[in-house]
Amino acid sequence: CFSLFSQLGGCGILGVGIWLAVTQGNFATLSSSFPSLSAANLLIVTGTFIMIIGFVGCIGAIKENKCLLLSFFIMLLIIFLLELTVVILFFVYTDKIDKYAQRDLKKGLHLYGTDGNIGLTNAWSIIQTDFRCCGVSNYTDWFEVYNTTRVPDSCCLEFSENCGLHSPGTWWKAPCYETVKVWLQENLLAVGIFGLCTAMVQV
């Protein structure tokens, strides 16, 4: 039953990923160095892995096949060890990750609004609107992109067409990187509980 539910869950995640890919393009692609690292692609890959693992476990349990059950155990063990490694590396290299992420995000700003980067454009527009922020470090990050004193319209306190051409007094002042980081830290408990529950289920 556990394996069957895992497989069904994987199918659901895969379906959401495919839907996002079809309807929203490369939604939530913020990195210029890793353009394939989008919400849709992550969901598709995650859903596929969960579905395969659930299928192997389900068939192995039904058939009582030792080879399939061993494969199921090995796959879960590898995923668990990878998760543990990622968490440890994240905490050890937090400062370096921060610097690299900010540099990569600023580099990605130059792709905003360009052909073939609808995902990145949509992601920045949503983040700046929802989190009431502008730019990676501040709104001046956009000056380098446009080579003039302007920002995207999603940076405006009150949205209107070409409002990004107005004075800085009409734009959000908060830096997006720090704002999103604070939001993640505030929700770290929920993320930690989810991660712990996932690890316990795997064990």
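Using N, Cα and C of the backbone, Cβ positions are placed for all residues, glycine too.
Annotated transmembrane segment per TrEMBL: 12-30 (among others), in sequence order.
The transmembrane segment annotation in TrEMBL covers 42-62 (among others).
The transmembrane segment annotation in TrEMBL covers 68-93 (among others).
Counting every protein chain shown, the Cβ of Cys134 (disulfide bond) has 29 other Cβ atoms within 10 Å. The feature disulfide bond is assigned by TrEMBL to Cys134-Cys155.
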For this session: Measuring CB to CB from Cys155 (disulfide bond), give everything in the same chain under 8 Å that is also at least six residues away in sequence.
Result: Gln128, Cys134, Gly135, Tyr139, Trp142, Gly164, Trp171, Trp172
